[in-house]
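Written below as structure tokens is the structure these notes are about.
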Amino acid sequence: MLPRLGGTALSLLPLLLLLLGTGGRGARAEVLFRCPPCTPESLAACRPPPAAPPSAGAGPAGDSRAPCELVREPGCGCCSVCARLEGERCGVYTPRCAQGLRCYPHPGSELPLQALVLGEGTCEKRRDAEYGASPEQVADNGDDAEGGLVENHVDGNVNLLGGTGGAGRKPLKSGMKELAVFREKVTEQHRQMGKGGKHHLGLEEPKKLRPPPARTPCQQELDQVLERISTMRLPDERGPLEHLYSLHIPNCDKHGLYNLKQCKMSLNGQRGECWCVNPNTGKLIQGAPTIRGDPECHLFYNEQQGARGAHTQRMQ
């Protein structure tokens, strides 16, 4: 259940975290990326910390709201948001799961990366060595190796290959081998996405294979971005993320259409710009603003659709 990421701040950071988290057994070494520090101006622009959503038994008075676990916005954002709770949907573009939880794709998902990109993961209790499992169990945990999201810590330290311990971290240079493994994984994931859900090896192939479903424009654009990431060269030690800032990762919904709101990643503690697009074509909706916040795209989309309907009636 990949991140469908609908409607939240888009950032290239979580995607790279996810992709690097697919390294499997051969990529357990750690690579550290430090988010740029937040300026006083960016922190001052943040809204007051949110409260936890009301519980199921909340009364009409609405006084049952309690402080939630605050985490940093997806990517390198500076403001605080509520962490996702156990059982809630999660993905690349959503706030991370609460302490002790991790975002996992559905166990039966053939495309765990795609599921997390679509926001179709679920916050579950962590199954790695830090929370009681043995190293052997970690190595054999298919879900963790193939699609688990690593955490984007509030203190700005982001561990790209899983784990949160501070001791024994390897320098970035030692992660280049793991990045090569990461490229192979992404390339293989890309191939699988193009096969339309072909059966795993070891199972009998059906006699008649259905033709793969046509890829939507948003899915095609996402495929192209993943392909570019898989072939990127990282010649220096500035960190993998700095090579991704120029890329725009499309925000697709679970049906493969563009989400109305598209956003650039957060950079240097400043929120990325957001704009509104047509869900079918990805083209800008005329008259909608491009702002560092919520442009309320549904209002402009409904207005556009209403105008088209009125024009059609006049033509008939």
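Heads up, the Cβ atoms here are built off N, Cα and C, so glycines get one too.
The disulfide bond recorded by Swiss-Prot for C90 reaches one of C78, C79, C82, C103; that cysteine is C103. Per Swiss-Prot, the residue from C46, C82, C97 that shares a disulphide bond with C68 is C82. Of the listed cysteines (C252, C263, C297), only C297 is recorded by Swiss-Prot as the disulfide partner of C276. Looking at C218, C263, C274, the record from Swiss-Prot puts C252 in a disulfide bond with C218. Other Cβ atoms within 10 Å of the Cβ of C218 (disulfide bond) number 23 in total over all chains. Comparing Cα positions, C38 (disulfide bond) lies closest to C274 out of the disulfide-bonded residues C103, C252, C274. Here the CA atom of C263 (disulfide bond) lies 14 Å from the CA atom of C76 (disulfide bond). Of all the disulfide-bonded residues listed here (C68, C97), it is C68 whose C-beta has the fewest other C-beta atoms within 10 angstroms. Considering other CB atoms within 10 Å as the measure, the emptiest surroundings among the disulfide-bonded residues C46, C123 are those of C46.
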